[in-house]
Amino acid sequence: MHFLIPAAGSGSRMKAGKNKLLIDLEGESLIYWTLKSVLSANSTNWVGIIGQPKDKNLLLNSAKDFAQKVHWINGGDTRQQSVFNGLEALPKDAKKVLIHDGARCLINPELIDLCAKQLDENEAVILATKVTDTIKIVDKEGFIKETPDRNYLWAAQTPQGFLVDRLKKAHKMAIDKKWKVTDDASLFEILNWKVKIIEGTYSNIKITSPIDLKIAKLFVKNP
């Protein structure tokens with residue numbers, strides 16, 4: 001399985017002053033923990049890190065021995081552009097790809113393998129968890145408009161997996177039509193292409209704030 005890891009997070013909400021994947025988690029960087037999980041999956045055989053050139057040496061150095069097992073890909077101005085760059089950099093024989101947020105450093109390798117396996121039967125899959133909170137849709141003034149049935153609500157995670165040719169086609173259409181999305185599954189939604197949900201775990205958090213880092217430390221100490 002070919003694997004792409006967008007790794008250009010600025011860390012502004014973390015107030016880190018650097019790429020957030022360089023932040024320390026129990027003695028190792030976030031990118032180290034992410035690569036440890038990804039490379040532990042039985043299905044992983046090729047990994048590309050997509051980041052900004054200025055961060056290349058810092059990220060690869062902090063990845064330690066794992067750096068020798070990955071390929072560096074220069075990212076774009078947005079996550080969407082970076083993923084497209086990653087797709088263009090895949091080996092020509094790549095048929096399937098998993099895309100995973102670099103800041104989700106606690107992904108279970110078994111879930112990676114499950115996503116890879118599900119791509120044998122589906123053209124697109126994503127990890128997600130059932131929403132447990134009541135969600136409100138509000139208007140521009142901040143007043144509640146409606147409350148959707150949470151039985152149909154899932155919180156999207158990564159990895160998200162796709163057939164390479166299909167995802168490339170979706171990204172090229174997005175460029176032509178100037179679509180802006182925050183994850184790759186959204187492109188499939190716009191095109192009315194099916195995406196299969198695979199239930200993930202609540203421990204697969206994305207490190208975006210200081211409280212997330214505190215939670216991640218608890219999971220690392222108590223796996």
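Any Cβ shown, glycine's included, is placed from N, Cα and C.
Noted in Swiss-Prot for the protein shown:
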SITE      Arg13  site 'Transition state stabilizer'
SITE      Lys20  site 'Transition state stabilizer'
SITE      Arg150  site 'Positions MEP for the nucleophilic attack'
SITE      Lys206  site 'Positions MEP for the nucleophilic attack'
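A coil conformation is recorded for Lys206 (site 'Positions MEP for the nucleophilic attack') in the three-state DSSP classification, outside any helix or strand.
Secondary structure at Lys20 (site 'Transition state stabilizer'), taken from DSSP and collapsed to helix, strand or coil, is helix. Lys20 (site 'Transition state stabilizer') counts 26 other C-beta atoms within 10 Å of its own C-beta, drawing on all protein chains shown.
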